[in-house]
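J.: I have a structure I would like to understand better, so I am pasting it below and will then ask my questions one at a time.
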Amino acid sequence: MVDRIFTYLDRSINELREQKNEYTNLFQQHPAPWSNVIKVMFRAQLKILQESMTYWDECLTRLENKAGNMRNDDGEKQKLLDRIDEHSNDAGHRLLKREVSKIILEGEGYLELELPPPKTTADIPIPTPTLSTPNVSIQKFDGDILKWKSFKQRYDHSVHQKSYPSVEKMIALLGLLEGDALAEVQGFEVSNENYNSVYQALEDRFGNEQILIRQLQTQLRSILPAKEEAKSIRDTVNKVTNMVRQLQNLNVNTENEATILDIIEKMPQNERIELRYFSMSSKNVTVDQILRKMKDMAFKAEIAADDKREHSSRNNSEPPANDGQISSSKKFACSFCNEDHSSIHCPKFISVEDRIQQINRKNY
């Protein structure tokens, strides 16, 4: 149990390093102050960094609680406390925490900044269009409205905001379209004069925020409930979280009972009942609290799946009894209650939570 928490913690720290590097690269491409569109990207990045930092602290708290529940004469208690201290005092970990905390604080300040007023045409030198369009490595846009904003931001950064001739921009843009997106502008002749019209036609068709919001809400509702499997639960929690975060970034109010119920319905039966009880028994439950509990449930399901695999591997590795030995009267030995049935069908400890608690009690 302890080793698994440390494993998940180390994996989370490695992901945090990658997230920090992604933020740094994005900041180098888009130095502050930012437009409202760019702010949406940075607000999402900062939210992800903050959630990873919170998860780090929660893992350490779980380990400290585990140590606190152990007997003082238990030799493993001091070993666990030493591992926690070693992890907390690690110079690389402390530096990473300081750097990410600084990024979050600075990022929140940058989000408050406003762009300076644009210069007049008299102040801006007119560039000579001597450049040719680069080889743009952007995934083609097929007309999926959920992908338009990401495609447009990449295209704007690589081509639209550059000083290329309009006809070359149009050639580059048409080469990055397919499906419904290409059909939308198929009738335009390739020319300098038509570039802005093509660009605006795509924005009018695929950049409508209200349509995007409805599409996100529809996709959120259409997510199928997770199965009673760790991977299915984790995948569903990630999908739901991503959809909710996108709606929040579009300033959609997700703090309502209908949205919370939609989210809860995506979980398997046992987890769904627990979430319903939590939402009804707690005051002013927020979507973020529900999502946090769902992530915890996915974490518990992964721990339970690992435990099941370990027990299965251990049972398969035991040598068979000699022919002369008297076989046991029990066909099975339940890992939870020691009765004569398989662990997976234990009637006394049904939920994953009950089984984890029983394993913890048996280990003390």
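We number each residue from 1, going along the chain as drawn.
Note: Cβ is positioned from N, Cα and C throughout, glycine not excepted.
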J.: Ranges 22-80, 199-257: which does TrEMBL label coiled coil?
T.: 199-257
J.: Under DSSP, the compositional bias 'Basic and acidic residues' (304-313) has how many residues in helix, strand and coil?
T.: 10 helix, 0 strand, 0 coil
